[in-house]
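Visitor: Dropping the structure in here first, questions after.
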Amino acid sequence: MMLIPTHHFRNIERKPEYLQPEKCVPPPYPGPVGTMWFIRDGCGIACAIVTWFLVLYAEFVVLFVMLIPSRDYVYSIINGIVFNLLAFLALASHCRAMLTDPGAVPKGNATKEFIESLQLKPGQVVYKCPKCCSIKPDRAHHCSVCKRCIRKMDHHCPWVNNCVGENNQKYFVLFTMYIALISLHALIMVGFHFLHCFEEDWTKCSSFSPPTTVILLILLCFEGLLFLIFTSVMFGTQVHSICTDETGIEQLKKEERRWAKKTKWMNMKAVFGHPFSLGWASPFATPDQGKADPYQYVV
């Protein structure tokens with residue numbers, strides 16, 4: 001008697017009723033091309049608003065408390081241009097990280113027709129998520145906030161109200177880098193401004209009253225120090241994750257490595273684009289994946 005080749009399914013909840021592909025409905029209509037990705041999560045939206053508010057607060061203090069009242073016009077112009085450029089790039093990176101599809105797996109694609117179209121060999125394993133009824137590529141994980149399986153998911157970040165995954169990791173790294181830079185720049189300017197005010201008359205070093213000036217500068221100093229530490233750690237963690245080609249979830253779960261090992265430089269190019277260029281530092285340049293290997297549906 002001839003045996004019919006079968007394929008093995010694995011799901012994250014071990015529920016037998018989910019193992020039948022017929023249980024899944026056809027995937028919904030994906031919508032028009034270019035539809036904006038946005039997660040409707042109250043906590044994430046609030047965190048994103050707070051992020052913008054803190055950056056704009058820093059802009060206000062830097063411009064109206066320190067730079068505009070300064071008599072050194074060259075100092076004010078140079079630092080104003082640098083700080084505003086970094087702040088603009090930080091907010092642009094935040095928008096791209098928040099509004100870019102991080103790599104969502106098509107929802108409801110675990111249908112009999114789709115599974116047959118994969119042309120799987122006998123004995124091959126496919127991963128199926130019962131929560132969104134999707135066939136998951138290798139290294140994809142389900143996000144309970146986004147309610148989707150995300151390819152190469154690192155973590156869900158409420159500050160960008162999105163998952164950090166295959167398609168938006170570059171923008172998240174740039175966001176942490178530029179926030180760290182403007183925090184460091186703001187702290188340096190606060191230090192110089194305090195020295196200037198101690199040497200001169202406090203009533204002449206700011207257009208605000210001395211008590212108001214001190215309060216605004218102390219708040220900015222606290223904000224800058226907090227964000228400098230936080231984003232520097234996140235930036236270093238992300239760069240290390242990229243170089244080792246191991247996401248935060250994979251490190252946490254200590255998952256077995258089933259993908260080909262590549263050099264650190266190739267891993268960097270896979271995230272930031274091929275080849276190396278100034279576009280790596282631009283949130284407006286979409287990474288060109290070049291010859292980067294796609295993450296397959298089977299292992």
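Each residue, glycine too, has its Cβ placed from N, Cα and C.
Sharing the features that Swiss-Prot gives for it:
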TOPO_DOM  1-47  topological domain 'Cytoplasmic'
MOD_RES   Tyr18  phosphotyrosine
TRANSMEM  48-68  transmembrane segment
TOPO_DOM  69-72  topological domain 'Extracellular'
TRANSMEM  73-93  transmembrane segment
TOPO_DOM  94-171  topological domain 'Cytoplasmic'
DOMAIN    127-177  domain 'DHHC'
LIPID     Cys146  S-palmitoyl cysteine
ACT_SITE  Cys157  active site, S-palmitoyl cysteine intermediate
TRANSMEM  172-192  transmembrane segment
TOPO_DOM  193-214  topological domain 'Extracellular'
TRANSMEM  215-235  transmembrane segment
TOPO_DOM  236-299  topological domain 'Cytoplasmic'
Visitor: Please indicate, using numbers and ranges, the residues of the same chain that are 6 or more beyond the transmembrane segment (215-235) and have a C-beta under 8 Å from a C-beta there.
Guide: 54, 57-58, 61-62, 65-66, 173, 176-177, 179-180, 183-184, 186-187, 190, 193-194, 208
Visitor: When you measure from the Cβ of the residue listed as 'active site, S-palmitoyl cysteine intermediate', how many other Cβ atoms are you left with inside 10 Å?
Guide: 21
Visitor: Across the topological domain 'Cytoplasmic' (236-299), what does the mean pLDDT come to, as a whole number?
Guide: 80
Visitor: Near the Cβ of the residue listed as 'S-palmitoyl cysteine', how many other Cβ atoms are there if near means within 10 Å?
Guide: 22
Visitor: Using Cβ atoms and a strict cutoff of less than 8 Å, what residues sit near the topological domain 'Extracellular' (69-72) while being 6 or more residues removed from its termini?
Guide: 196, 205-207
Visitor: For the topological domain 'Extracellular' (193-214), what are the same-chain contacts with Cβ under 8 Å, counting residues 6+ beyond its ends?
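Guide: Same-chain residues near the topological domain 'Extracellular' (193-214) but 6 or more away: 64-66, 68-70.
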Visitor: Using DSSP with the three-state reduction, classify the residue listed as 'active site, S-palmitoyl cysteine intermediate' as helix, strand or coil.
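Guide: The residue listed as 'active site, S-palmitoyl cysteine intermediate' sits in a strand per DSSP.
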Visitor: By DSSP assignment, list the helix, strand and coil residue numbers for the topological domain 'Cytoplasmic' (94-171), in that order.
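Guide: Counts, helix then strand then coil: 15 helix, 21 strand, 42 coil.
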Visitor: What are the DSSP helix/strand/coil residue counts across the topological domain 'Extracellular' (193-214)?
Guide: 12 helix, 0 strand, 10 coil
